[in-house]
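First comes the structure, then the notes that go with it.
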Amino acid sequence: MLRLTLAQMRRSVGRLAAAGLAIAVGTAFVAATLLAGALIRDTTYRTVTASLADADVVLRPADQVLDPAAVARIAELDAVEAADGVTHLYGQVRAGGMLDAANLTPVASTASLDAYRVLDGVAPARSGEVALTAASAQRLDVGIGDTVRAEWSRWEPPAAGSPDEEGSWSSAGADLTVTGVLVDPPALSGSGSTALVARADVEGWLTQQDPSTALTYDSVLVDVADGADPAAVADEIAGVAPSTVVRSALQEAEHQTAELTGDTQTLTYLVLGFAAIAMFVAGLVIANTFQVLVAQRTHALALLRCVGATKAQVHRSVLLEAVLLGAVAGVVGLLAGLALGQGALWFVGRADLGLEVATTITVTPAVIAVPVLTGAVVTVLAALAPARAATRVRPVAALRPASAPGLVRGGGRLRFWLAAVLIVGGAVLLAGAVALAVTAKVETSLGIFLAVGILGGIVSFAGVMVGAVFLVPGAVRVLGRALGAATGERRRPTVALATVNATRNPRRTSATASALLIGVGLVTMMATGAAGARSSLGATLDAEFPVDLAAEADSTGAGAELTAAQLDAITSTEGVDLAVAIPTAQVDLHGAEVVSSQLTVVAPADLAAVVRAPRLWAGLSDDVVLIGDLLAGMLEVQDGDELTIAGSSAGSAGTTSASVVVVPDAGWIVVVTPATAAQATETAVTQVWARLSGEDPAGTVQAVRGALAEATTGAGAVPFVTGAAAEREAYEQVIDTLLSIVIGLLGVAVVIALIGVANTLSLSVIERRREHALLRATGMTRGQLRALLAVEGVLIAVVGAAVGGLLGLLYGWAGTAVILGGTGELVLAVPWDALGAVAVVAVVAGLVASVLPARSAVRTPPVAALAAE
């Protein structure tokens, strides 16, 4: 049977190529995912290794801190060449009106412990010098010999003898001379660019930052003397630095890589879940493909039965063909995945990301075995039902002349009631999870609600898949009648005949539409969830961050107000539509307890013009105080209560009362009108609230920061800039990026499903070969036959996409309600762009999928097709 099987495969290369393409796409997906996981781990390991320089031993604190005394004890060991404590001071570097976030990092004591490469100039050798990364130097527009100012926050404790006073944070800084430019970035580092500074400077600044806290190190890098055994030295170090974690550099690199790639392993498994969806869809396509093959070989199989072949031999022949197809397609998919991985590696290596990236992919046994075995197993499982169908062919009956296929029975009563129970039960679970999440408002129960919702979604979707044999044909008939009514008299018979043909085999039609339904449904669900998250997030940000941008002086109160130059810098920045100067003051609020808070003063008209959600702040007027919900809870006040406001600054201690209006989701803010504030305290303009135009808000925020830095002269601190515009854009970028990635992953399943539409139309051509010939003989033109198959393909594709889109919309709304219903304002959005794209893709896909089957149908002469076989 092997020779016969190979001969049959050679005769069916075209049909097998379609099935092989489906499985190859899925296996390439699996291979590329596994390669991506290996690449992430390898890149992380290389980058971690670079951050450790040439250290032999690494110490990290456990029960005992690592302080300068511990480093000194380690350095005194005979087998230790050098030991450096690793620490950073997070701050910023300012030059010429520009700012850049910076990690102020000590220079290594020896070259072996230096993880940074100097691109130009030299590393700092004495106090008052700095080396910046190339990117930071470019952003600040400075070079070697220029002067920059390093700034950081410093804690000012209360004055001695003043127990009632509180400490405060202030700004500190130092002027530094640029001596070198570093390769950027040389290794893993925290947020901000690395700025190398003399160790004495950094450690002195850290000590001054909080005098009440002793200097400690994040880790200690140790260079072992030549000829010494690092393992023995590590044991010796553990003796002088007990209760610390001592590892070799190799062990430390492995440990950090495991920690840093823990989430990426989860990501790999998540992406493999999408690959499983693609392989499931490929299985549906392969099952239909083997139905095509079995239908095409009915007479050949019957002849084999007549000359002595047993049912088992026929069964094994079909499965053997599936194994060979799956293995070959799996190898092709593996090679495609490897090529894709190497191409991605080539792209990353030339993207100048500053990472230690390998030049070639790492091919492990799992990368080779998993895709190939997956392809073979999925193909065999999908071929089981067609193989059983091949054994049920009666030899004598199959040798009769072929006739037009009759209507195939759909599902039975058991299937119908099972589908109904699953759909209703799942819908009840899903609706219950939504209702509880929206009404309970208990965030701690989110996990329970989410689990119930997911279970309901799975159960109801299983019901849809079981009942697709009833749902899809019915939807095709409805769509066919609507399309027939919308077309002219000449095309109406073609549409009617295509509708009958599409519903003649309900099981195959529903399986084909279900493959597309799965991909489209998941894409729509993710798009709906993303749109809902974006809208809900916008509503939440409008409440928590009432303005697009807020600039605030370094501290509040008289003497710390914004200068006229700083105010002008904000209002004159391009992209700022409106800027309102906001006076503030420190006051005491007398509720259930006395709470010291910052009082924000703004006129009602200015407030309505600058905030994004005026309805939340509409209650402001004289003798009214708007209070955020969290502060209201601490004070134990609610709407309508009287709240006493007392000035707490020296020389401005007045008192007034105001009626409370609680603002939901507004946190700790306190807002009054200028008239109300004047009765309690003096104020100073320490803030500016601004409304942005909406065009590149992140760029506008950066421009405001640069303008404020340029307008800040002398030793004054640059005002702090925050607001919802940049955060909203950042969140939306994250949502859009994740959505693009997910849709790209699910797009693989959609592509495979479209291959299935083409296969179903091919089977239609094979089954109705004589029927098409009869239509041609009675006057149907080639163009009309092509239109017949095109309409059939469009009907199946549109129904699959429409049902999938509707389900995706409902599941997306339900998921959004469950996840966000108890955490803030819930907004259910419709992703019209995604739905429109799905509709266009469905119509185009149905037309494209009909091209090859229609070509085959019109090329067969009517006389040859009508001849007895």
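Each residue, glycine too, has its Cβ placed from N, Cα and C.
Per TrEMBL, these features apply:
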DOMAIN    274-392  domain 'ABC3 transporter permease C-terminal'
DOMAIN    745-862  domain 'ABC3 transporter permease C-terminal'
TRANSMEM  267-287  transmembrane segment
TRANSMEM  318-341  transmembrane segment
TRANSMEM  361-384  transmembrane segment
TRANSMEM  416-440  transmembrane segment
TRANSMEM  446-472  transmembrane segment
TRANSMEM  513-533  transmembrane segment
TRANSMEM  738-766  transmembrane segment
TRANSMEM  787-814  transmembrane segment
TRANSMEM  834-852  transmembrane segment
Intrachain residues whose Cβ lies under 8 Å of the transmembrane segment (834-852), provided they are six or more past its termini: 516, 520, 523-524, 527-528, 531, 750, 754, 757-758, 761-762, 786, 789-790, 792-798, 800-802, 804-805, 809
Result, the transmembrane segment (318-341) in contact with the transmembrane segment (446-472) (3+ CB pairs under 8 Å): no
Summary of DSSP states over the domain 'ABC3 transporter permease C-terminal' (745-862), given as helix, strand and coil counts: 99 helix, 0 strand, 19 coil
For the domain 'ABC3 transporter permease C-terminal' (274-392), residues assigned helix / strand / coil by DSSP: 98 helix, 0 strand, 21 coil
Averaged pLDDT, computed only over the residues in the domain 'ABC3 transporter permease C-terminal' (745-862): 78
